[in-house]
Amino acid sequence: MDSQQRSMLLESSSLFPPPKGIKLSYGTAGFRADASILQSTVFRMGILAALRSLKTEGAVIGLMITASHNKVSDNGVKVADPNGEMLTQHWEPFADSLANAPDPHSLLQLIADFAKKEEIPLNGSKAAAILLGRDTRPSGEFLVEAAKQGICSVIGAAASDMGVVTTPQLHWMVRARNKDLKASASELDYFDQVSTSFRCLIDLIPKKSHHGIGKLIVDCANGVGGEKLRILKEKLNWLDAEIRNSGEQGILNEQVGADYVQKDKVAPQGFGPHDVGTRCASLDGDADRLVYFTIIPNGNNQINLVDGDKILSLFALFIKDQLSILTDDKNEYQPRVGVVQTAYANGASTKYLNQLGLQVIFTPTGVKYLHEKAQEFDIGIYFEANGHGTILFSDHSLCWLEDRKSTEKGLEKQNAAKRLWAVSKLINQAVGDALSGLLLVEAILQHMGWSVDKWNDLYHDLPSRQLKVKVADRTAVVTTNAETIVEKPPGIQEAITALTVKYPQGRCFVRPSGTEDVVRVYAEANIQESADELATCVAKLVDQFLGFHS
């Protein structure tokens, strides 16, 4: 590092002192905290993004300012790698150290040591490019400015501000720019690609299925999704969708949004008895999660939830159906399809997917683990129950589909190849995307001619219960086998197993939280009373074994 670079980093970092007495951690989706204490962290993530671009031979890196489904006073920052995926786990400890360095000189030393270890040139010999995006939070503007200062403190680094975008749009733009270095890959390009792909799927619906499936109402969590869905609706001339909680009046994520609907299993604000019988969907604040629901008649705002597991099952069924048209025993290449879930997936969904003949793999909780595992398949589908997920197509499978959609002699097979190709263009292969996911759900439901109730009847969820137990030290719990088995402390897993076998269709696991000193308990059984009882008994076990009483 030359003297100019050294002085630039020292001078700029002195303008962004870290908050005293606060330690921040790069979680599964970056840093999140009250917006008032994040300027220093966002400034430093600007530096990290520039270093990451230099490390990846000048690839475009993304920096998104958002706190997703958190309350409006919070904010956060996450880094998108060249493929549009989340920051490589290898760099997460560096992100933690950078955020928590106590002063400019400590920060400078950290950067110098890391750059040397990673062989990152800090002499201006290479250029670095970073795309910046933010959601609709008022704090986003001043945090973007802090990020720009961090980026510009690295010689040769330049920031492009994409303005207010959804998180998935920024990830998509990063991926697209790195796939084709000549492409501008703007927000307009995103809208063009998803709308064209959606229209293609609608045009390929067999004539016998060509009938409407009724009106859709979308809760946009008073976030960025409202404005973006309106643009999509206009591009598609898609008149049968009503947008609510668009952000013009209500408060971001307050009793609205996918996280609220999925966790509390109630209708969001602005929905009521007049919506009974209508298909409803809910996005979260930055539009990377999606769930569907219907309102129960006379149910005091209660809903029938159609969560990420059901979305995954719909996608898996459609892909399997199209592949069965396209492939036969004569085909040398049979795409390997895999479904990836976490232990929180309802056991009934896993059983359904197995009955379809699909391979189901489990990973620890966190999108980064699911995404990584899904990449091992020709077509990998992953979703968490919270509504975050996507479909990944390997380069080999895409080349195969492109060839088959033009060389197939039979129209039925040709159309199946075209449908799967359109799915690969519609779905966001960088990250979970509520807007592209919504369009894919709508296209498949229209293709099938299904109501939301018929979709929801694919299988019936087992009753479940989640609890959390306060503990003195969550790191005392060590799990294995995708977090379903406890290795430490010794004896607790045997006790959990002994309790679980007492309940028909019983399943239970515990795992430490990634962010707070609690242990989470998840239980399933054949009836709700049994699921509640199993969860309560296991929560007591956790309390006994960890010697800390809540």
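Every residue gets a Cβ built from N, Cα and C, even glycine.
Those TrEMBL annotations? Automatic predictions, nothing curated.
All protein chains shown were included, and the count of other CB atoms within 10 Å of the CB of S68 (active site, phosphoserine intermediate) stands at 26. The annotation active site, phosphoserine intermediate is assigned in TrEMBL to S68.
Within the same chain, residues at least 6 positions away in sequence whose Cβ sits under 8 Å from that of D284 (Mg(2+) binding site) are S68, H69, A221, G223, G225, N253, G257, A258, D259, G387, A434. Summarising the annotation, TrEMBL assigns Mg(2+) binding site to S68, D284, D286, D288.
In this view, E384 (substrate binding site) is surrounded by 23 other Cβ atoms within 10 Å of its Cβ, with every protein chain counted. Per TrEMBL, substrate binding site is recorded for E384, A385, N386, R511, P512, S513, G514, T515, R520.
Per TrEMBL, the feature domain 'Alpha-D-phosphohexomutase alpha/beta/alpha' maps to 55-89 (among others). Sequence-distant contacts of the domain 'Alpha-D-phosphohexomutase alpha/beta/alpha' (55-89) (same chain, at least 6 residues past either end, Cβ-Cβ under 8 Å): 26, 29-35, 38, 41-42, 45-46, 48-49, 95, 118, 120, 126-135, 137-140, 143-144, 147, 151, 167, 170-178, 221, 251-254, 257-260, 284-286, 288-289, 367-368, 371, 429-431.
Per TrEMBL, the feature domain 'Alpha-D-phosphohexomutase alpha/beta/alpha' maps to 118-179 (among others). Using DSSP to sort the residues of the domain 'Alpha-D-phosphohexomutase alpha/beta/alpha' (118-179) gives these counts of helix, strand and coil: 27 helix, 15 strand, 20 coil.
The feature domain 'Phosphoacetylglucosamine mutase AMG1' is assigned by TrEMBL to 183-291 (among others). In this model, the domain 'Phosphoacetylglucosamine mutase AMG1' (183-291) carries an average pLDDT of 92.
Feature annotation from TrEMBL assigns domain 'Phosphoacetylglucosamine mutase AMG1' to 307-450 (among others).
Marked as domain 'Alpha-D-phosphohexomutase C-terminal' by TrEMBL: 479-539.
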Most Cβ neighbours within 10 Å: which of the binding-site residues D286, D288, N386, G514, R520 is it?
D286
List the same-chain residues at least 6 positions away in sequence whose Cβ sits under 8 Å from the Cβ of P512 (substrate binding site), in sequence order, or say none.
V471, R474, T475, V477, T479, V518, V519, R520
If I take the alpha carbons of G514 (substrate binding site) and D288 (Mg(2+) binding site), what is the distance between them in whole Å?
20
Setting S68, D284, D286, D288 aside, what same-chain residues sit with their Cβ within 8 Å of the center of the Cβ atoms that define the Mg(2+) site, listed in sequence order?
T66, H69, D135, T166, T167, G223, A258, L283, G285, A287, R289, H388, A434
For the domain 'Phosphoacetylglucosamine mutase AMG1' (183-291), residues assigned helix / strand / coil by DSSP:
43 helix, 16 strand, 50 coil
